[in-house]
Every structure is written in C-alpha cells, then in structure tokens.
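Engineer: Sequence annotations record features per position, and here TrEMBL assigns active site, nucleophile to Cys13. According to TrEMBL, the [4Fe-4S] cluster binding site annotation covers Cys257, Cys403, Cys452, Cys455. Marked as Mg(2+) binding site by TrEMBL: Ser304, Asp366, Asp367. Marked as domain 'Glutamine amidotransferase type-2' by TrEMBL: 13-239.
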Amino acid sequence: MDIERFDKLGEECGVFGVYDFDGNDVASTIYYGLFALQHRGQESCGIAVSDTNGPKGKVSSRKGMGLCNEVFTQESLGELKGDIGVGHVRYSTAGQSCPENAQPLVLNYVKGTLGLAHNGNLINALELRHELEYSGAIFQTTIDSEVIAYHIARERVNTHSVEDAVAKAIRKIKGAYSLVVMSPRKLIGARDPYGFKPLCIGKRDNAYILASETCALDTVGAEFIRDVEPGEIVTITKDGIQSDCSMCLPKGEAARCVFEYIYFARPDSCIDGVSVYQSRLQAGKYLAIDSPVDADIVVGVPESGNAAALGYSLESGIPYGTAFVKNTYVGRTFIKPKQSSRESSVQVKLNVLKESVRGKRVIMIDDSIVRGTTSDRIISMLREAGASEVHVRISSPPFLWPCYFGTDVPAREQLIAYNRSIDEICDLIGADSLGYLKTERLEQLSEGLPICKGCFTGEYPMEPPKDDIRGDYDK
Ligand code: SF4
C-alpha cells in the first residue's frame, strides 16, 4: 500500500503513564490520554499495565498498527487490568513502521518486568546496539527504544533500585528522549538533558500522570503539577515524587525543539510554561512586522497555520478568514491516490472555500515548507477558486539542515530551501510573494527559553552523527 505523508514533518511519538495509588484500573485513562496525543503519532499505539499489588512479573499489554480507536475496543481495554501503566503513540522516523516496532516495549528480566515508552531519537543507538549484540543480546525490534530498555535491564542487576538503573542507562545514551518507564511498583519519567521533547506531570485524585503534553492531562481531568525538567528523572511511588537532577545541565544549555511550538504540539498545550497557541500567534505577528504585504484577507493552512494567521491579522489589521476546510478524518498519513486516478492527495485533505477567497488578495500562512511538494498545489487551488493574488508567509525559517533528534527533516538535498534563494522558492511554488520567519525571532517563540534550531542554522546542541544513521537498523 502506498502511504503518503503530506509535505509536513513527523513527530516521533507521544508517551503517557499513570500510577493510581487507590488501586483503580488505569487502562482507560491511558487510552484517553493517548487519544489526546494522537497528533504525535498515528502509525501504531499500545498500552501496558500491571497490578502493583499482584505478582511482580505480570504485565498485560496490547499494541497494534493504527489509531487508538482502531487498536482498542471497550472489551480489549477491559482486559487490561492494573493500577500502573504506560502508553505510546508512534510515528516512525527511525525504525520501520511495523507491528514489532510498536510500543510500549515490555521486557521480562531477572528483577521482574519493565514497560517502556519513548519519544525521541538517539544518535548513538547504533553503536550501543552493536555492543549489546556482541555480548549476546537478541533484539526483537529495530527501534532505539529497545536499546534503552536493554540498558536499563542490565544496569538493574547491579543497582539498588530501578531509578538508579534508569539513571545509569541514560548516562550512556546520547540524543533526544522523553521516557516513561513502569517497573512492578514504580512509575518513572525521564527527559534528556537538552529537553528536546516535552514531558509533564499531572495529578487526578490519588493518581499521578506523566504525559508528553498538557492537553492530555486536560483530557483525562488531571491537574497540571509541573514539567519534568530537562535532564531530570522523576520516580513516582506511594511516597510521592522523587527527583534526580544529577544529569541536568545549567539552565541556559537546554535545547527544546522549537518545532514543538511551531507545529508539533497541540495549540492547547503549554510546554515548559509557554503556551503553544501564544507562540504561534506571536510568530504570525512577527511575520506581519517583518514581511508586510497589502492584501484583503489572511488565512491559515490548518491546523497549525491558523493561530499564526490570526496573529498576522491582529498585527496588520487585515481581516482574518477561513479559506480551507480540512477533512478531519485524514491523519498526517493516508493511502496515496494512484497517479492514474483523478483524486489529488492535497484535495483529499483540503478543500477551498471559494466564497471566502474569490476576487481577493490572499495572505496564506503555513507553518513550514519541507520539500515543497504540496505548497504549489495549495496555491493553485486558491487561484482556481478565484484568488487574485496569493502571498505566502511561513511561520518558521527555511529548513536548511536535517534533524537527528526525532523529527524527520530529511537530508539537505531534499529540502526546497537548500541552495535556493527565497525568490527561487517563490517561483517554484507559484506564489506572488514569499516570506519566512526570521531565525532571530525563534527565541521569542519560547519566551526566551533555550531552544534547538539546528534544522535552520546547522548548529546543533550536540555533535551530530557524521553520517545520516536514521533508520540504519533496517538495512
Ligand atoms: S533540529 Fe530542528 S526539528 Fe530537530 S530538534 Fe532541533 S529544532 Fe527540532
């Protein structure tokens, strides 16, 4: 089956974990939490639960390919009994999209059982994997996360507690990770020292929750407690939350992925205290200040372009409008129409409200252009609907470098902005004018929190691998 990803970036995953001290089953809470995180991955999902009062090695799990509502039924959720559990939604950037690579990973080892869900990409996973393979380990998946799980299991044999094993294991790994780990009696969350990927803590009654985004806490009726700090390991037990900050870097050295604010995260989430919606609104305002143009209407390419379009409108005084109706049943991936068929991938996803743009000079705000393969089509759709001019404004700077930390920004040669001027890109996509967010505006989107902007500047917070190793396990 030929699956198309729109010309948008993919996130690597969303994670969720719960420990209910009152002993209630947590599977359905995890399900709704994953549902709220579905935008972070639609290829596969899974839930693993355990009973903290039951036998130490017993974990029930279910995972499969597809969306949460395709993989789980009320019946299958009812079979997952336990008061502690972790869940995962996946989008693959390293490791194939196949059932074996679905998470959470569940590992039975000498000290009991581990369940692990991971968001991010490691840059030294290949080397660590080879080391483990030479010492006899047999891998069942082609994902980085299994390397982490193995290391935790190995360290656990010689450490006093599972959190110490997690701490020792993550000292060996390099790259981006937000992890939730379930041991027979503890729920652990860890965020890499740069804090590339988000992770937050919530509480509902007597249950503690770990989630990739705060929108998942809202969905399950939990109150936000705080973010896990970059480099922090939190251990949740009946005695409360213990924090280990021995891996934390000085505050100014963190490097959150700025693309969480621009595109990945849901607008109703806050990451490290910064509202995603506000940062998109702000990006639109900066575009209006830095790339003004006379027009009749400002429209956003849904969903992430909408808040930036509103920001542009507020700053410029040009009316905000809706030009696109999105088919909400199409995810970020779907079955690509055959070349011979008359359906167009873009049109399956978006349709233009002709009444809204006919005879008008339109400013169209999108969050990014990766390869540029869909931008020209969307612009032609606006012109076919009667727009007299189409001015494109992008709420991020041009992509010039790949990402090694869990986002599928591809190799440079595939990026439309590589080796091209803005005018050349504008011609290629068929716009009347084109403007990008200035790189120096990026820090302001995170309200001054230190960010990674490697895919725009080529300056990464850590030495990137010499070769593009993404997906190498599959070779
Ligand atoms: S390189 Fe770009 S996409 Fe990758 S973590 Fe950094 S900002 Fe995010």
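Cβ from N, Cα, C; glycine included.
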Engineer: Among Cys257, Cys452, Cys455, all listed as binding-site residues, which has the most CB atoms within 10 Å of its CB?
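Structural biologist: The most densely surrounded of these binding-site residues is Cys257.
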Engineer: Between Asp366 (Mg(2+) binding site) and Cys257 ([4Fe-4S] cluster binding site), what C-alpha distance do you get in Å?
Structural biologist: 18
Engineer: Give me the Cα-Cα distance between Asp367 (Mg(2+) binding site) and Cys257 ([4Fe-4S] cluster binding site), rounded to a whole Å.
Structural biologist: 15
Engineer: Does any of Ser304, Asp367, Cys452 have a Cβ within less than 6 Å of an atom of ligand 1? These are the binding-site residues; tell me which, or none.
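Structural biologist: Checking each Cβ against ligand 1, the ones under 6 Å are Cys452.
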Engineer: For the recorded positions listed here (Cys13, Cys403), which one has the lowest count of neighbouring CB atoms within 10 Å of its own CB?
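Structural biologist: Each of the recorded positions Cys13, Cys403 was scored; lowest Cβ tally within 10 Å is Cys403.
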Engineer: Any same-chain residues 6+ apart from Ser304 (Mg(2+) binding site) with CB under 8 Å of its CB? Would you list them in sequence order, or say none?
Structural biologist: Ile262, Tyr263, Pro267, Arg280, Asp367, Ser395
